[in-house]
Amino acid sequence: SSKMFSLGSWLPALPGLAWGWPLLDALLQGEIPRGWPGDSPGDTSDPLLPLPTGLVGACAISVLCSLLKVYLYIQCVNNPERQAEKEAIAAQRPLLEPLHVLVLTGVLALVGSRVAALVVLEFSLRAVSTLLSLGKGAQSSQLYLLCQYSLGCGVSCGLSFLLEGAPHRSWNLALAAGLAGLLALHARRLARHVCALYELHSRARYCGVCILLLAAGHGIPRLLRNALALTFAVADLAAVELINRDFLSTGEAVRFWTPLTICYTLLVVYMQEESRQSTGRGLVFRTVVVRMGGLFILLLTVGRWTDILHVFVSLLGEFWCLLRSGVLLESCWRQ
């Protein structure tokens, strides 16, 4: 029985520590007890859920950037006219990557599930419109970099939805965070190895990893496209469910989704026109401001005050991702 394996039943009943045994038992069983100070009545959310889900989302962004860095570096090596870009990519400081992951973890943990879900849905609509306008067979590495923050929100939403109410969810989240961190670490090591030794190893046919990248490195965008499509498909379903649970009737849902759909459609049309007229870093930052401004105005009418705060946090997260990947964005524009 559960009492037989309870830690409090095996240790002496010390008056000063008696309150801590139930909490420690629950943590060891992978559960978070309810009713602690600060919990609202009837709240079923996990108070420790945002931090590990934010870490997994930040690690997903790190893996995406590392793989894109590998792909763009290989493309520059094979093109003698892009040696300056190659040196700029290789000159990125790898020691800043842990700080980047740490900041993104905090941002994604602070953003509420409602705003994160809206960010995911907005990017999905924008991505579909962009891919349709590119034409058949076209690639857009820039779109992969622009989806960084939305990817983090999507992973956080998906994990929150899939693990909500699940038994042993704290252990599941710990395992997910550990695996995501390990994957991000190896992807970062791969990028560092490629920037330092790819040219030498690919010519001398010395390293198995570099030989594999020489033969199949052109398939990295396809791998990322398939992985992102699957991730955002799950995230979109989770986002719709997370938003709809706040409505008590169909009328309330219609009053929310109608202006949301109109707002997102106008945003997509505006950004498509802007992208045809100009390119560069200024356009990317203007697009972020317009998107978050539209979301801010929408939530002023149909949202809560906490949603407004989360919009500003999301704006900081978007800017942080774009500033960190500025060199890669420049390479994509030149490509």
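All residue numbers here begin at 1 and follow the chain in the order shown.
Even glycines carry a Cβ here, placed using N, Cα and C.
TrEMBL: automatically predicted annotations, no manual curation.
Your range for transmembrane segment, going by TrEMBL and the list 223-242, 283-302, is 283-302. The stretch from 170-191, 254-271, 283-302 with the most CB pairs below 8 A to the transmembrane segment (95-121) is 283-302. The transmembrane segment (141-163) shares the most Cβ pairs under 8 Å with 55-74, out of the stretches 55-74, 170-191, 254-271.
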